[in-house]
Ligand SMILES: Nc1ncnc2c1ncn2[C@@H]1O[C@H](COP(=O)(O)OP(=O)(O)O)[C@@H](O)[C@H]1O
Ligand SMILES: [Mg+2]
């Protein structure tokens, strides 16, 4: 197992910058998720680590050694492609054995290690099948077995779960985590699904347009997003623009859209324009406790039942629309008048940001 | 309250007319729909083929209808050295030209599958030998192989000074045979190259990347991935190529007309020579019929080589 560290990694395609100076340090046996919207450069970063494309600038260090110019097969990495890239003409056994054969491992040991790897992904008995005769989830597990059978120092996964249907995805998420922890292998995986990143990774790196916007533990990124983009991308969030009108007891009083009064914990000079993030589930409906700093009467503009949760679109008197998510033990119908409330700590004061947000 | 019979709301079904019944009957539809296709096949394929086979067992000459003579034509051909030379050369021509076309065509396809500047222009140029009518390119080769005006001789003798005598491409048996094979290869490469290129493009680049990560050398990537994945399309293209080459007529007839001394006759050109030019229609037909076993063999080859391989079976499952 080894550490991975990326320093100023950059890749351009013509005038377009796919990856613009990515810095990231990954500890031994850590599982890190690169998450971001489609086209933000996640795959490009992963392929530069794997050595399939050469960066225009920056370095890739594995186990402390600079491998930026090392050929892919000298890096000793395992990669699971988004399309799995199984060899269609080889059996499951031969697919997994492919890397061992290229490394001239003796035949007896190949047999032993392949069955070990297939046992790890729970595919014993499938040795003789061809990829076409497997389901999507089984193909994915063959790809995983093929990636780990050579005992790589680092495991790279490109959108490992996005080709699976919802039920299978949840099951494979657990499998993947179990596999990573039992092998203790340093793992970097790419996903556009923020929920997947939060549930699976030790740390999450949120990317946008070739840059890393924030790196941190899932909880940290969720509760203290570094900027409006991260707040909007991770979790379901209302973003509000507001102007500071006054401060007292470490609380800011603000005037939100439509003149709605808001209270948030934080500091900013009066008159400053700020952005606020309010998670859907932090906005609560029903009788407000005395410590709720923000209490508003709202009309239910839309209500959608989603199993354990209900999703609402609320319209505040000033015309401000907020989305909320509440347990569905009390369902408010469309048109109902409800009390919406949240505390000064439920809302996040986002740092001042450049114009592009 | 008395129970009345439920009123029947549906109008009594009218008996359909005879025309409607005819058009509803399956046997009639089968016959009606198949007739045009079967009719066309009968008239344009089966009739000439049947006639050709029948002629082979008669003593028909041009201008004189013949009598059934059984295997007499074939017995005659068995003892005819020219016929055996044509059989030999047909097989030799097909074998050498096919190997040449596939070696060069595959090489070209692999080159074109890389990122090259002016890729689409190069692909268009490659197709040229195939687009030009065969007779036209045959005439061009006839000039290229001419004993006095050959451009190749001119380059070697007058420009480079490497030789002091002009090449005699078509003057004796073996040089003529190889010259024709070269012309056939030149003409056949585009078909092979473009078909194999299409096959190469169906192979996902990520397979090569996966192999690269495992340290497969370029040669291993070619033999372990490219070749097996190209096999299905290779078998199809090869079958077609063998059939086209074995039945070739135009190139040989336009360049050498089977000469010198009948050494470059293919079975097709010999059949034409005997049957039309020599007026022995029945004998020409017999030579043509003798080609059938070879073509059946090529078709069987395709049937077995094309049989779906084990790894191609099963649904692709996403
Ligand atoms: N081979 C390429 N040529 C040109 N542009 C590319 C190439 N590969 C990726 N890109 C561009 O780089 C950006 C990042 O791509 P990618 O890393 O695949 O994104 P992601 O995996 O996050 O969806 C995209 O805008 C994409 O269009
Ligand atoms: Mg991607």
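Cβ atoms here come from the backbone N, Cα and C positions, even for glycine.
Long-range contacts of the transmembrane segment (B:28-57) within the same chain: residues 22, 66, 68-71, 73-74, 281-282, 285-286, 288-289, each at least 6 residues beyond the stretch ends and with a Cβ under 8 Å from a Cβ of the stretch. As annotated by TrEMBL, transmembrane segment applies to B:28-57 (among others).
Look at TrEMBL and you will find B:86-112 (among others) tagged as transmembrane segment.
Taken from TrEMBL, the feature domain 'ABC transmembrane type-1' covers B:87-304.
As annotated by TrEMBL, transmembrane segment applies to B:124-145 (among others).
Feature annotation from TrEMBL assigns transmembrane segment to B:185-204 (among others).
Per TrEMBL, transmembrane segment is recorded for B:225-246 (among others). Remote same-chain partners of the transmembrane segment (B:225-246), defined as residues 6 or more beyond its termini with a Cβ less than 8 Å from a stretch Cβ, comprise 90, 93-94, 97-98, 101-102, 110, 184, 188, 191-192, 195-196, 198-200, 202-203, 207-208, 211, 216, 266-267, 291, 294-295, 298-299, 301-302, 305-306, 309, 312.
The transmembrane segment feature in TrEMBL is assigned to B:285-306 (among others).
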For the transmembrane segment (B:185-204), distant same-chain residues with Cβ under 8 A (at least six beyond the ends):
97, 100-102, 104-106, 108-110, 112-113, 123, 126-130, 134, 137, 141, 225-226, 229-230, 232-234, 236-237, 240-241, 244-245, 251
